[in-house]
Each structure stands twice: as structure tokens, then as C-alpha cells.
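One structure below.
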Amino acid sequence: MKNILDYTLEELTLWMKENNESSFRAKQIMSWIYKDVRNFSDMRNMPKSLIAKLEENFEIALPEIEEIYKSELDGTEKFLFKFSDGNLIESVLMRYKHGNSICISTQVGCRMGCKFCASTIDGRIRNLTTGEILAQILVVQNHIGERISNVVLMGSGEPLDNYENVMKFLDIVSAEYGLNIGQRHITLSTCGIVPKIYELADKELSITLAISLHAFSDEKRKEIMPIANKYSIDEILNACKYFVNKTKRRITFEYSLVKDVNDSKEDARALGKLLKGMLCHVNLIPVNEIKERTFKRSSKETIQDFANILSNLGIEVTVRREMGSDINAACGQLRRSYIKTQETRGE
């Protein structure tokens, strides 16, 4: 049975035509789904014959909430979801004065191998479908009874390694018939799959592109990010410049500061020189310490010095605000720790 959440309006309209149903029914069905109706029989303006066809061919498949961890400091909530095949993924809800933001996953695991990331330790298990990516937002919205206004594709997985499903997600999540979240309120984070950055640029979307850079030189980047063996920083920056030219959107460069690895004043000056003149912003991230890795986070003083150097070189820079520090877990850690707990219990 097919998950109707995987369908765009155009695809569902085509299905209606192929099954001798009126095309306008597709938009009505979408309206019900994104108003949180979870049973076709509850779609009151649908004829019984169509409801029967829908129930025969489709399901509205949503993951179960396996666990929720809520910060007592700022209300940040970390959700652990379980899909029907038993696979687990994580999403994080962050509450701000301007609205609710959610960080979602695009894959179960990840094959990129970044040394500071927990979600890549066991490799990529599978891609999430378009509907499974959307479902994270739908379930969280239903749980909190509030609208999600900002989406960040920065959870488990590399979005551009699941390109087709993620592009379809971007179509639906921003469409009026879908979740109607403006593209300017959506951020996609990538480790830098260069050909896909060009493809994304050609779509001329208004999303924010965030590049996980984390080093100023290929030599240093190769130490912590295997993708650097395939695509050089120059290639990534050229793709970013193409993206900026096509979309007129500022690029965000993410830079996780790791003690004694990439956090020196020389690193800061070299990074500033590398990015000077680009329409960009640097987001400095105190690295999350995970027990499977030896990386330690830089001191607050080192982070501030790094930020000051970039700022003095004319680079827009911010230090990422830590949310939910009392329930702190790096991306992928919640899933891994839960699986280990279940294995210990013999479940």
C-alpha cells in the first residue's frame, strides 16, 4: 500500500484521472491531510466510492513517537521516531519568540563519515521517503498543537544524498496545498556534494543553503570529513558562488570548533581570507562531544576569539546558541543510545 504523503498534488491529480475520478478531488484530499485528518473516512466531502478506492490503495503512514526528551531550560524537545520497519530517527523542536523551528532527518544513519557526527557511525541504513520526511513535521505539530514555522534539514543523514525525495519534500512543504512553510524559512545543510549543489541552484529556490565546511584547507578537512577526498574546497566554493548567483541567497558556512584541531587564530584568519568577498555568513558551532570520538570542544574564550577575528576581517559571524543543553545529545546519539539500551534489555 502506498503512503499518500509521498504524493505531490500533481501526482495525486494524475492518479485521480487514471482512476476515473474528478481532478479537483486531489486538492480536497490534500487539504484534509494537511489539516491533520488521518482517516480517509473522515474526509466529509468525499463520495463513499472514492473513499473506498483511497482505502484500498493508500495509507496515511506516520511514525510512532518512541521517546520525547524535554529541556527544563528552554522547552527544546527531542523526538525519537520509530517507523513501521523498526528503524529509528530523530527530530528536534526548538521554541523561539518568532515561532517554532524543527530540525529533521532525511536518512536513517548516514554514509558521509564525518568524524564529529554520531549519526554516521553505523553508516547509512536507508533513505527516508518524502512522506517520512514530511511526517516528522506533521507528528510534532499534532503533538504540540502549534504550527511549525521554520524547518532545518540538519538531522541524521545527508539531504543531497537523498536528492529526489528531499526535492519533492521541499515542493510539498512550501506549497499552499501542503504545509505552506515559506522557502525562506527552510534551511538545507550539506557536507558538500558538489554536483547536487549545482542542480539545487538551478531550481532557483529561496531556501538557505548551509555548507558544513569545518576547515579552511583540503588537508585539514580530509582529517575530519571523508567527502573532502572527493570534492575540494575550491570546487565547493565555486558551486556556492553559482548558487548565490542563481538564487541571490546568502550562503551559510557551518564551522564546528574542535579543540586543537581547527580552532586556532591562524585557522580563523585563513578562513576569513578564504571567504572574503562572498555573500556568506559563518555559523560557529561548539562541537558536540560524543564518546565514540576523541574530539573536545573549544573553550568559550577560544570560540569568541575566533569569532572576533572573522568579524574584524569583514565576515558576518554568529556563534550557535545552544538549545536544550540539559538534554544535550549530538545528532544521532539519541537513536544510538536507545538502540543500545534495548539490546541490553534483550528487547
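A Cβ is built for glycine as well, from the same backbone N, Cα and C atoms used for every other residue.
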To which of Ser189, Ser232, Ser311 does Swiss-Prot also attribute binding of S-adenosyl-L-methionine at the site defined by Gly157, Glu158, Ser212, Leu213, His214, Asn288? Ser189
Spatially speaking, which of the recorded positions Glu90, Cys103, Cys114, Cys117 is closest to Ser189 (S-adenosyl-L-methionine binding site)? Use C-alpha to C-alpha, please. Cys103
Taking the Cα atoms as reference points, how far is Cys114 ([4Fe-4S] cluster binding site) from Ser212 (S-adenosyl-L-methionine binding site) in Å? 10
Round to a whole number and give the Cα-to-Cα distance in Å for the pair Asn288 (S-adenosyl-L-methionine binding site) and Cys117 ([4Fe-4S] cluster binding site). 8
Do you know the mean pLDDT across the domain 'Radical SAM core' (96-326)? 95
Checking the contact step here: among the recorded positions Cys103, Cys110, Ser212, Leu213, His214, which have a Cα within 10 Å of the Cα of Glu90 (active site, proton acceptor)? Cys103
Around Ser189 (S-adenosyl-L-methionine binding site), how many other C-beta atoms are within 10 angstroms of its C-beta? 21
